[in-house]
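Below: the structure, in structure tokens.
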Amino acid sequence: MFVYYCKECFIMNKQQSKVRYSIRKVSIGILSISIGMFLALGMSNKAYADEIDKSKDFTRGYEQNVFAKSELNANKNTTKDKIKNEGAVKTSDTSLKLDNKSAISNGNEINQDIKISNTPKNSSQGNNLVINNNEPTKEIKIANLEAQNSNQKKTNKVTNNYFGYYSFREAPKTQIYTVKKGDTLSAIALKYKTTVSNIQNTNNIANPNLIFIGQKLKVPMTPLVEPKPKTVSSNNKSNSNSSTLNYLKTLENRGWDFDGSYGWQCFDLVNVYWNHLYGHGLKGYGAKDIPYANNFNSEAKIYHNTPTFKAEPGDLVVFSGRFGGGYGHTAIVLNGDYDGKLMKFQSLDQNWNNGGWRKAEVAHKVVHNYENDMIFIRPFKKA
């Protein structure tokens with residue numbers, strides 16, 4: 001009995017052991033399946049996430065390329081500027097500010113190449129956006145043009161063919177008069193061919209009857225007046241012209257430097273002639289200033305050119321600022337009707353061909369057309 005019981009117990013234990021082993025296998029299998037499913041699900045999620053990220057990157061790249069293409073097309077149609085866009089860059093992380101005064105990107109001035117570094121903030125694909133300063137954008141061109149316009153307004157330079165660029169000074173319109181004993185405003189106004197009220201307004205004088213000795217007054221430069229010349233008979237006039245022409249022949253084919261500056265200028269020749277007549281040269285920053293910077297009341301008569309005007313031998317001719325790089329030109333008339341139609345005259349010129357400053361152009365004869373803005377100065381004296 002005992003043996004049988006033990007065998008039966010042994011058989012039962014063995015069967016129970018098999019059942020437990022089967023349960024354990026099933027449990028392990030279920031656990032393995034669960035882990036496998038979990039891992040598979042995780043990998044699927046990761047793959048799905050990666051796919052979404054790539055889709056987003058692709059969308060950004062596509063949008064960026066479309067944006068770049070549209071901007072390039074717009075630039076071709078308007079300013080023909082070129083912008084190099086290498087790669088797909090997040091436009092929201094790129095700060096490019098352009099205005100009429102400056103063009104700065106991330107603290108760098110636009111006159112250098114602007115390069116946005118390869119960082120996560122600036123690039124999603126590890127590429128760079130490069131803007132070359134040799135290919136300016138529309139805003140930069142506008143800023144440059146405005147700056148040039150501003151500089152041109154501030155700068156007033158006239159090209160001088162002889163000495164390069166000089167700042168040109170206009171002839172003064174007023175001069176200073178010092179009040180002397182016995183002066184009155186009416187006498188001063190009469191002397192300078194103006195009115196009492198004009199002097200009052202220019203100098204802020206409240207009482208025209210009250211001025212002081214030594215007081216400085218601004219008065220006009222002597223205007224172009226035409227005093228009555230002395231009548232000369234035809235015989236005397238012919239003799240005077242002959243004597244003038246004979247003197248001018250002595251100036252021809254020689255270089256003249258009256259003031260010792262800038263070589264043989266046109267002004268020098270005229271000053272040599274005027275000094276021969278009156279013992280002094282003429283004032284003026286440039287040749288075109290001669291009629292306005294000198295008092296010719298007792299020395300000459302001023303003429304403006306008209307269709308019927310005929311210059312005489314010995315007259316000074318003054319060209320406007322359209323000649324001589326803004327300084328004008330001056331010469332001495334030899335023949336006032338060179339072509340017989342009052343269209344041309346012949347004169348003795350120096351530096352007409354810009355060779356005087358090198359002392360390479362002596363005084364010589366030149367035929368000119370009458371210009372409507374010419375002024376002629378006829379001295380009362382004859383050489």
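For all residues, glycine too, the Cβ spot is worked out from N, Cα and C.
If you check Swiss-Prot, you get these features:
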- 175-219: domain 'LysM' (DOMAIN)
- 241-378: domain 'Peptidase C51' (DOMAIN)
- 1-49: signal peptide (SIGNAL)
Mind checking how the domain 'LysM' (175-219) divides into helix, strand and coil residues in DSSP? 15 helix, 8 strand, 22 coil
By DSSP, what is the split of the domain 'Peptidase C51' (241-378) into helix, strand and coil residues? 37 helix, 32 strand, 69 coil
Averaged pLDDT, computed only over the residues in the domain 'Peptidase C51' (241-378): 94
